[in-house]
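Q: Please find one structure pasted underneath; my questions will follow.
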Ligand code: HEM
Ligand code: HEM
């Protein structure tokens with residue numbers, strides 16, 4: 001069985017073994033293979049000498065270059081913080097209006113804020129801050145807690161219904177589930193709310209009158225006599241057409257029946273003061289119809 | 001097929017089935033209300049079905065055939081058909097996963113259809129379902145042919161094949177129910193892991209016993225690779241899955257490792273799953289079917305030895321390149337990186353050995369799509385190992401890590417190498433096993449080849465682009481030293497590539513469906529032909545001139 005043959009094509013001998021018709025040539029390992037084995041091994045050896053590489057009993061070979069990835073990260077983060085600090089410290093110290101007047105600082109805001117918004121806020125408020133079901137739009141000028149600089153900064157700092165000790169707190173009560181209104185009453189109230197917003201609810205004047213009475217008894221304490229909302233309480237204006245959860249019959253029924261308690265994280269410990277200020281400038285510029 | 005077992009073997013099969021049924025029943029009862037209960041029901045049903053087939057045969061007369069004159073190919077045939085089934089399922093899932101990444105709403109309102117659950121069905125479906133069955137089936141074929149000996153046993157090959165598929169089904173159904181250990185490629189829970197250990201040990205013993213029966217003085221290279229695959233996968237699987245069940249009646253366990261040790265164990269496993277499952281096993285396939293089809297001697301025996309030991313030795317060290325720039329101590333990263341680079345040479349030596357073997361047969365590569373599958377597979381093997389070694393360098397990895405570049409690399413290996421070599425092997429072995437002249441339609445093979453190649457190229461190029469764009473966007477800073485792009489910006493940039501990937505995947509899937517159809521038609525309709533000299537040598541001694549008994 002062990003008959004060595006010469007392969008006519010390559011001129012190499014076979015090893016003389018055969019497996020179900022398969023044979024093997026005894027060709028030398030090509031020079032190039034040895035060459036690259038040597039190159040890669042030398043490279044590895046050099047790397048081991050220079051860098052942290054082999055474990056010892058209770059330490060490891062640290063390498064001649066003395067490089068340590070943890071130290072490197074710390075240094076790089078510190079260096080990056082230092083370059084940003086040049087302008088970020090100023091932003092942290094100045095009131096928003098002063099920043100807006102400073103074109104140099106504003107150049108930094110314009111560069112940094114969109115990505116900050118995209119990474120932290122857009123997931124709920126939408127990539128163009130347009131809001132969505134359950135999340136208020138930030139471009140419509142209909143503010144729950146107020147749209148002036150200080151109020152926005154505070155909202156960012158403490159969040160809404162968040163675990164932050166100073167958090168803004170607001171809750172729409174579950175009038176239906178908690179038995180304050182029955183289903184019929186809720187539908188009437190919903191029609192009245194639609195009429196407040198100038199929507200055609202199709203309800204008769206008597207029904208709306210009944211709704212007004214229900215509203216005065218149950219809703220006005222938060223949303224105001226006229227339904228225009230109370231910003232100190234974070235109670236939304238019901239006379240405009242900006243909805244968080246929607247103005248349809250079903251959405252309004254669900255809101256009044258089960259209540260609502262939206263949630264916005266507190267950013268005090270997640271973003272720096274400068275970052276929160278840049279975001280406040282960014283979203284006020286959006287609300288003013290600034291950059292799209 | 002059960003009729004070909006002897007009475008005693010049928011009894012053993014029956015005992016195994018009954019034991020399985022009891023285990024299933026206990027699991028179903030104990031795990032009631034937990035996914036483990038559903039898995040118990042699956043085990044029970046599987047045991048019931050096999051019991052039915054065994055019982056149907058148990059009263060039949062003993063088989064009349066002379067077992068020494070023939071190879072035992074029934075489990076191989078079944079394995080190949082099952083592999084094709086999983087190919088269609090697993091790749092179909094892949095296309096769905098790809099489509100969800102492009103259009104996230106492409107799901108129904110049920111937890112099982114969410115990305116996180118169907119993704120592992122894809123990965124396990126293709127790696128274990130398709131790849132694993134193809135490896136088991138071809139290993140049965142190759143070990144018999146290169147040993148010129150019949151399989152050592154008739155129940156154990158079935159036990160391994162069907163047991164392994166039971167594992168696959170438990171794995172996939174578990175993912176859909178939300179069962180996972182959260183270790184990639186090792187997601188199944190503790191009871192599935194224990195079961196796989198049993199199956200795998202039987203597999204190992206079967207392989208060794210068959211080799212021990214061989215009628216050839218030497219062990220052929222392909223068998224080294226298959227053995228390395230079986231042995232190392234056993235070790236990896238056992239170590240990485242060491243865990244304490246939270247309770248014996250539920251599908252939840254806690255890993256024996258914690259923190260960075262857990263991460264390192266997982267990627268030591270994960271990388272060597274690539275090495276010994278997706279590489280070594282399939283190199284076994286390559287080393288048998290490529291020279292067989294090309295009818296050329298292996299270019300260099302010495303190169304085979306060098307690359308085998310190189311691959312086996314270096315791969316084991318390389319896992320830590322999956323954890324560059326993490327909490328893993330830097331010296332471990334250094335070792336992973338340097339060994340990955342040294343690994344390149346034996347990897348390329350294997351690919352080169354395969355391609356040089358084709359010298360003198362290039363006209364066949366041109367004319368024969370089956371051989372072309374294997375040739376292109378070797379090229380993609382070379383490509384993905386080069387890419388892998390490159391990505392293992394820390395500086396490169398800092399760009400590629402966490403991006404689609406990794407996914408592109410994975411699929412250059414998985415589609416270009418693993419799937420293509422498997423399809424090539426299937427096309428060359430199916431006519432032989434079913435004693436057919438050729439495949440039913442060579443045109444369909446040709447179509448499959450081009451669909452698969454186009455699909456792979458589109459997929460891989462799309463992911464290279466997307467991955468590099470993504471990586472660069474993540475690290476682009478503005479002049480102020482702040483990030484230039486939000487994460488969502490990168491998603492928007494990746495969308496077109498995700499669409500392209502889904503299209504490429506759909507082409508690849510179409511090819512796999514054609515393969516399944518072609519194999520089915522070959523079995524049913526292709527003209528018959530008896531293969532020559534396809535029987536163990538022991539029978540040659542008995543009946544020198546005549547092939548297998550009529
Ligand atoms: C029809 C062809 C295929 C398509 C469309 C496809 C699609 C996908 C998709 C979309 C992912 C998820 C990527 C992500 O999470 O970003 C994925 C992951 C994966 N696929 Fe495929 N795939 C295909 C074929 C295969 C084959 C044949 C194999 C293996 C033999 C394979 C192995 C894997 C693996 C290992 C992963 C995980 C990658 C990682 O975690 O980095 N795929 N595939
Ligand atoms: C010399 C050979 C190879 C080396 C050095 C290598 C190296 C690498 C590296 C550096 C990564 C990226 C790790 C990360 O950044 O997370 C990776 C990922 C991967 N490679 Fe390879 N690779 C090689 C060959 C292959 C082959 C042939 C296949 C497939 C058949 C393959 C399949 C994979 C898979 C599935 C992953 C993704 C793991 C995950 O994150 O889920 N590799 N490989």
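Each Cβ is built from the backbone N, Cα and C atoms, and glycine gets one as well.
In TrEMBL, annotation is done automatically, which means it is predicted and not curated.
Bear in mind that the values here come from a model prediction, so they are computed numbers and not experimental data.
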Q: In TrEMBL, the heme c 2 site includes A:219, A:222, A:223. Which of A:172, A:278 does it also list there?
A: A:172
Q: May I ask you to indicate which of A:13-31, A:32-50 is given in TrEMBL as transmembrane segment?
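A: The listed stretch tagged transmembrane segment in TrEMBL is A:32-50.
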Q: Express the predicted model's confidence over the domain 'Cytochrome c' (A:206-287) as a mean pLDDT, rounded to an integer.
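A: In the predicted model, the domain 'Cytochrome c' (A:206-287) has a mean pLDDT of 93.
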Q: In whole Å, how far is residue A:121 (heme c 1 binding site) from residue A:222 (heme c 2 binding site) when you measure between their Cα atoms?
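A: Rounded to the nearest whole number, the Cα-Cα distance is 27 Å.
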Q: Per DSSP, how many helix, strand and coil residues does the domain 'Cytochrome c' (A:108-197) have?
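A: Result for the domain 'Cytochrome c' (A:108-197), in helix, strand, coil order: 41 helix, 5 strand, 44 coil.
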Q: In whole Å, how far does the CA atom of residue A:121 (heme c 1 binding site) lie from that of residue A:223 (heme c 2 binding site)?
A: 27
Q: Taking just the CA atoms, what is the gap between residue A:172 (heme c 2 binding site) and residue A:264 (heme c 1 binding site) in Å?
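A: Just about 15 Å between their Cα atoms.
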Q: Which residue among the binding-site residues A:121, A:124, A:172, A:219, A:264 has the fewest other Cβ atoms within 10 Å of its Cβ, if you could check?
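A: Checked A:121, A:124, A:172, A:219, A:264; of these binding-site residues, fewest Cβ neighbours within 10 Å: A:124.
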Q: Please report the distance from the Cα of residue A:219 (heme c 2 binding site) to the Cα of residue A:264 (heme c 1 binding site), rounded to the nearest angstrom.
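A: Computed Cα spacing between residue A:219 (heme c 2 binding site) and residue A:264 (heme c 1 binding site) is 23 Å.
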Q: Which residues, in sequence order, are found in the same chain with Cβ within 8 Å of the centroid defined by the Cβ atoms of A:121, A:124, A:125, A:264 at the heme c 1 site, excluding those residues themselves?
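A: Neighbours within 8 Å of the Cβ centroid, excluding A:121, A:124, A:125, A:264: A:120, A:122, A:123, A:135, A:138.
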